[in-house]
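Quick notes on the structure that follows.
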Amino acid sequence: MEPEMEDKTLEQMNSTFMDSQTDERSKKTTVFKTITNGPMTGSRKRPSEGNYEKEKEVCIQLFDQWSEADQVEFVEHLISRMCHYQHGHINSYLKPMLQRDFITALPAQGLDHIAENILSFLDARSLCSAELVCKEWQRVISEGMLWKKLIERMVRTDPLWKGLSERHQWEKYLFKNRTTEVPPNSYYRSLYPKIIQDIETIEANWRCGRHNLQRIQCRSENSKGVYCLQYDDDKIISGLRDNSIKIWDKQSLECLKILTGHTGSVLCLQYDERVIVTGSSDSTVRVWDVNTGEVLNTLIHHNEAVLHLRFCNGLMVTCSKDRSIAVWDMASPTDISLRRVLVGHRAAVNVVDFDDKYIVSASGDRTIKVWSTSTCEFVRTLNGHKRGIACLQYRDRLVVSGSSDNTIRLWDIECGACLRVLEGHEELVRCIRFDNKRIVSGAYDGKIKVWDLQAALDPRAPASTLCLRTLVEHSGRVFRLQFDEFQIISSSHDDTILIWDFLNVSTNGQTEGRSPSRTYTYISR
């Protein structure tokens, strides 16, 4: 083919292609104008039926010839020309088309486990609603044992649920796979509201002061007073003014063992699964085997009474009437070495607490001091109490302290600000503990007070709403207490240990704040 002929052929081909493209665009434009021109954009009236049907048919035929991308582009242009009223109609039309019942669709594809996993994130109210959607959703929930999984999730994350599962014996039906024999989903479905009812009852008992009381009388012949205690589900370990440590069975309230060796009152103690560590007015710290009661180690460092101690994760902190704080490394019960001595308080250091970030100490000099746990360097002082500080607890950013000025103060440890002052005790506040809901305090006025922690942290809450209940049973100064979701256990100068049970409450003739008691008396020899 001649070059000139080839050029003419190519030119004709290009012209034909361009004409086809122009025709295609022209058709789209024509269709677009056909649809959008006229009263449709500004009025809700429809043109004459005859013209509309013919034009619509032409538009649909052309629309079907275009690619998906061109169709989308055309519809976008079309929608942009419509009014809000028309957009609403289109939205109503599209909504059901875009909805997909994937919970029903997944099992049809053999993916039941994915549907179960999605629904397992629902809370109880949502799970109830999901059961009502359709039979297929109900089947997925039932066969997936989702009520069981919900209860297991609550038990893993909430101490109150965990405690109830242990005390009411339904823990044995949890955390078992499908190959073992477990009750049907209906059992867990009916169990859930019963658990909620139990929780509401316990909360009401705390608010109203309803409790059953058990009393351990641990009188000794020469002196009286239970200075410190700690408990678990099986035992209570107490330190007494008569220089002894007594271990009590928590169920029978009988004395299981007496540890002797200190030559002064046992003022503080802490134990774990291996050891009991005690501090005494004889200035020593002793380490005992928790199972045998054998003395494993005696630490002689402080010059005066050891008033308080804490240990955790290989670190122990002790404080003393000698105004100092000692930081110890605990490699083992028999290998404990002094790391550092912290000085700065101008009176006896009555209490210490710590975590990985801070060591916190409180003193008769009216101050709380904060120290770095890693470097043992001084960080800051919290000032505010008018008299000496007898007790405190520290967790996260919150410090709660009790003082001989009869008040309790809440502090932000990071900025040193006093967040709230709680007033109500009539004498020195000797012991204090808090969890996520409550503060429980004991004082030399013989009273134990339960406070609303969340309300205390809210500056808008009136002071009159903060104390939930005052418990009066001790006839002497309250020295120490510990509590959990179900009970308070306290000790006093009256030589008793009291167990205040808010779970197993008898309603027969009981008055609020006081309750029937069971007493066990031990006379030491």
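Any Cβ shown, glycine's included, is placed from N, Cα and C.
In TrEMBL, annotation is done automatically, which means it is predicted and not curated.
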For which of the residue intervals 1-28, 197-224 does TrEMBL record region 'Disordered'?
1-28
Applying the under-8 angstroms CB criterion, which one of 219-258, 259-298, 299-338, 342-381, 422-454 scores highest with the repeat 'WD' (471-501)?
422-454
Give the mean pLDDT for the repeat 'WD' (382-421) on the 0 to 100 scale.
97
